[in-house]
Amino acid sequence: MGKEKVHINIVVIGHVDSGKSTTTGHLIYKLGGIDKRVIERFEKEAAEMNKRSFKYAWVLDKLKAERERGITIDIALWKFETTKYYCTVIDAPGHRDFIKNMITGTSQADCAVLIIDSTTGGFEAGISKDGQTREHALLAFTLGVKQMICCCNKMDATTPKYSKARYDEIVKEVSSYLKKVGYNPDKIPFVPISGFEGDNMIERSTNLDWYKGPTLLEALDQIQEPKRPSDKPLRLPLQDVYKIGGIGTVPVGRVETGILKPGMVVTFGPTGLTTEVKSVEMHHEALQEALPGDNVGFNVKNVAVKDLKRGIVASNSKDDPAKEAANFTSQVIIMNHPGQIGNGYAPVLDCHTSHIAVKFAEILTKIDRRSGKELEKEPKFLKNGDAGFVKMIPTKPMVVETFSAYPPLGRFAVRDMRQTVAVGVIKSVEKKDPSGAKVTKSAAKKGGK
């Protein structure tokens, strides 16, 4: 057995008709763990419905439909393998909740694959003011997705077909936009592909022999290996809490940073409740240590289920334990709010697993969202497209961290009127010291608080 491949998460972004589903479907289809029988079934159904052209996207549509109906889809279907990596595709963003998911992040993407429609009119629609190409790229950068691959898709449908001139034009325009967002376009491969015909997806295409760079598969292999934050202090936001007969209270969540081990004394923020971890399990197997990215359940001593809930964060009591945030200052980008946002605005913040109303106590500055330069001190309001620094006060106890120290706990979506109105990253946090929090006997014995 060779060394196991590294897992990476990829988010596929781009305008609605750019061919995201077809391209992703193609990769999963050719490189993924989809059972041949399943594919044959899909193909047969697609043929019966005269959807031949939709073959790859159809695979993805079927998966999405099954997932949305709550059929537990074998998540291997959203995975594919390159020579170097196991890749998982994070929610493809046709989804209304995509932005929220990308931020509250069931997983942080290591690389964004930006799909561009190269056809006449298609490219212009995607990159226009209202197109999603810009918004997705800006979001990816703001949320810390540092690496990007650009695919100039539908090269089989340019005029003339496989046009180098069209490719050059797109590379030039997209590069200048990505540079404004904050990416370095010299570090981004621009791969001309056809997600439908398969040109340059996996093998080199003779139709594009003027192009000398990597295929999409090779570009994915050139992604820099992500550093997992296991050396940081523990942060594990709870997703759920169960009471299991004969075992007791079992909180469940994903280790975002640090390491969780049996015998560790953990402090839950914002309450300050401190106790010992008896055991840690993943997929019904006992673990000696859980690392970032692991979804685990862990059993805690002498803690009632009612004392824990979703949004609470487990941390190591001896290593920068999680505390309640009295207030925090964030850099916010207003994305889709119909009016003006002024001091006193109180929407809901989705940050890690918590979902709490927060007051915009004070808009400190308005800034240029690309350069970060200050445009105005203490503006009266922010509106669509504006960015600014805002001091926020939670309406209930909550744990947040700075984006620089603990990225998954330092980015958030602002929700109002059933949509994401803004996104942000946290720059500084003023924390409260817990007073009178319960410390269980076993924790006290171990020299906890």
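In case you wondered, yes, glycine gets a Cβ from its N, Cα and C as well.
Here Swiss-Prot flags 14-21, 91-95, 153-156 as GTP binding site, drawing on similarity to another entry.
Per Swiss-Prot, the feature domain 'tr-type G' maps to 5-230.
According to Swiss-Prot, the N6,N6-dimethyllysine annotation covers Lys55, on the basis of similarity to another entry.
Positions annotated as N6,N6,N6-trimethyllysine by Swiss-Prot, on the basis of similarity to another entry: Lys79 (among others). Around Lys79 (N6,N6,N6-trimethyllysine), taking its Cβ as the centre, 18 other Cβ atoms fall within 10 Å, counting all chains.
The annotation N6,N6,N6-trimethyllysine is assigned in Swiss-Prot to Lys187 (among others). Every protein chain shown contributes to the tally, and the Cβ of Lys187 (N6,N6,N6-trimethyllysine) ends up with 10 other Cβ atoms within 10 Å.
Just so you know, the Cβ of Lys261 (N6-methyllysine) picks up 16 other Cβ atoms within 10 Å once every protein chain is counted. Annotation comment: Swiss-Prot describes Lys261 as N6-methyllysine.
All protein chains shown were included, and the count of other CB atoms within 10 Å of the CB of Glu289 (5-glutamyl glycerylphosphorylethanolamine) stands at 13. The 5-glutamyl glycerylphosphorylethanolamine annotation in Swiss-Prot covers Glu289 (among others).
What Swiss-Prot lists as N6,N6,N6-trimethyllysine is Lys306 (among others), and the listing cites similarity to another entry. Its Cβ placed at the centre, Lys306 (N6,N6,N6-trimethyllysine) has 9 other Cβ atoms within 10 Å.
Residues or ranges marked as 5-glutamyl glycerylphosphorylethanolamine by Swiss-Prot: Glu362 (among others). Around Glu362 (5-glutamyl glycerylphosphorylethanolamine), the same-chain residues at least 6 positions away in sequence with a Cβ under 8 Å from its Cβ are Asn343, Glu378, Val390, Lys391.
Taken from Swiss-Prot, the feature N6,N6,N6-trimethyllysine applies to Lys396 (among others). DSSP assigns Lys396 (N6,N6,N6-trimethyllysine) to coil in the three-state reduction, outside any helix or strand.
Per Swiss-Prot, the feature region 'G1' maps to 14-21; the stated evidence is similarity to another entry.
Under the heading region 'G2', Swiss-Prot lists 70-74, citing similarity to another entry as support.
Under the heading region 'G3', Swiss-Prot lists 91-94, citing similarity to another entry as support.
If you look up Swiss-Prot, you'll see 153-156 marked as region 'G4', on the strength of similarity to another entry. Shown for the region 'G4' (153-156): DSSP residue counts in helix, strand and coil, namely 2 helix, 1 strand, 1 coil.
For Lys306 (N6,N6,N6-trimethyllysine), the nearest neighbour among the listed recorded positions (Asp17, Lys20, Lys187, Lys261, Lys396), judged by C-alpha distance, is Lys396. In this structure, Lys261 (N6-methyllysine) belongs to neither helix nor strand by DSSP; it is coil.
In the three-state DSSP assignment, the secondary structure recorded for Gly14 (GTP binding site) is strand. Under the three-state DSSP scheme, Glu289 (5-glutamyl glycerylphosphorylethanolamine) falls in the coil class. Rounded to a whole value, the Cα-Cα separation of Gly14 (GTP binding site) and Lys187 (N6,N6,N6-trimethyllysine) is 19 Å.
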